[in-house]
Amino acid sequence: MSKVTVVGAGNVGATCANVLAFNEVADEVVMLDVKEGVSEGKAMDMMQTAQLLGFDTKVVGCTNDYEKTANSDVVVITSGIPRKPGMTREELIGVNAGIVKSVAQNILKYSPNAILVVISNPMDTMTYLSLKSLGLPKNRIIGMGGALDSSRFKYFLSQALGCNANEVEGMVIGGHGDTTMIPLARLATYKGIPVSKLLSAEKLQEVVASTMVGGATLTKLLGTSAWYAPGAAGAFVVESIIHNQGKMVPCSVYLEGEYGESDLCIGVPVILGKNGIEKIVELELTAEEKELFAKSAAAVHKTNEALKEVGAL
């Protein structure tokens with residue numbers, strides 16, 4: 001019996017749970033929320049689509065009842081307030097740090113062997129907070145950001161090329177933020193052909209720029225954070241772990257010398273499997289890419305310092 005818990009039944013959490021159920025990633029999906037009735041109602045709504053969509057995953061909703069999350073294999077943490085228009089990810093720290101820390105501690109009381117997938121923002125910092133405050137091995141704490149950013153990168157590449165997004169390969173590393181992510185245009189391909197041979201340098205730079213502000217663009221349009229792609233990205237990471245797929249996915253993970261950086265969680269390609277992070281993949285970066293990664297890491301370090309300022313670490 002495989003079991004996944006999603007903490008936070010808001011837009012992102014509910015989307016993640018729905019994708020997990022529809023794709024039958026686990027036998028049971030539990031949604032937990034602090035607001036009375038929300039997760040129960042959404043779980044019931046999802047279960048009433050089972051005969052329409054043809055899945056048999058059991059979806060359970062509960063209000064702050066962590067006992068119902070017991071023995072989860074993977075737990076997705078989406079808790080926290082969403083980013084409002086004009087709000088920086090850094091401004092979220094004061095509120096979300098306390099929420100994420102409390103959630104993670106409660107989860108581990110009932111699922112001490114769970115692998116944690118963090119979606120809460122600022123994601124790199126919340127992943128780092130979880131790792132530092134819980135004392136778990138680093139393979140069991142994973143930030144989702146790179147999976148989402150890479151999907152957005154592939155979307156914008158496919159739009160520029162006029163092709164199916166599933167035929168494009170592209171990767172984003174670095175921090176999960178508008179100014180810290182690094183879309184690796186040099187390595188992007190369409191059916192094995194370097195995209196740089198198909199798009200002008202100017203057009204490729206437009207794609208990179210659109211990717212970097214992808215989240216902010218949606219926030220302006222929606223008036224709140226996006227949820228379909230973030231929820232699906234979380235489910236994608238969970239499926240890679242639960243089904244031991246060995247996929248290479250960019251995720252925010254704890255570095256200890258890899259890419260010349262230490263004591264932070266930041267987006268790099270990893271192999272995901274039943275143990276969570278099976279391996280960190282070190283790419284051969286150009287001098288320019290190395291410089292961008294170092295700047296991104298410095299920005300993430302600076303954001304992490306706020307954890308001490310608010311007393312979270």
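Just so you know, glycine gets a Cβ as well, placed from its N, Cα and C.
The NAD(+) binding site feature in Swiss-Prot is assigned to Gly8, Ala9, Gly10, Asn11, Val12, Gly13, Asp33, Asn96, Ile119, Ser120, Asn121. The secondary structure of Gly8 (NAD(+) binding site), as reduced to three states from DSSP, is coil rather than helix or strand.
The 10 Å shell around the Cβ of Asn121 (NAD(+) binding site) contains 28 further Cβ atoms across the protein chains shown. Annotation source Swiss-Prot lists substrate binding site at Arg83, Arg89, Asn121, Arg152.
The active site, proton acceptor annotation in Swiss-Prot covers His176. Just so you know, the Cβ of His176 (active site, proton acceptor) picks up 32 other Cβ atoms within 10 Å once every protein chain is counted. Classification of His176 (active site, proton acceptor) by DSSP places it in coil, neither helical nor stranded.
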DSSP state at Arg152 (substrate binding site), helix/strand/coil: helix
Cβ contacts of Ile119 (NAD(+) binding site) (under 8 Å, same chain, 6 or more positions away): Val12, Gly13, Cys16, Val76, Ile77, Thr78, Gly143, Met144, Pro230, Gly234
Alpha-carbon distance [Arg152 (substrate binding site); Asp33 (NAD(+) binding site)] in Å: 28
DSSP-derived class (H/G/I helix, E/B strand, else coil) of Asp33 (NAD(+) binding site): strand
His176 (active site, proton acceptor) and Gly8 (NAD(+) binding site), Cα-Cα, nearest whole angstrom: 20
Asp33 (NAD(+) binding site), number of other Cβ atoms within 10 Å: 24
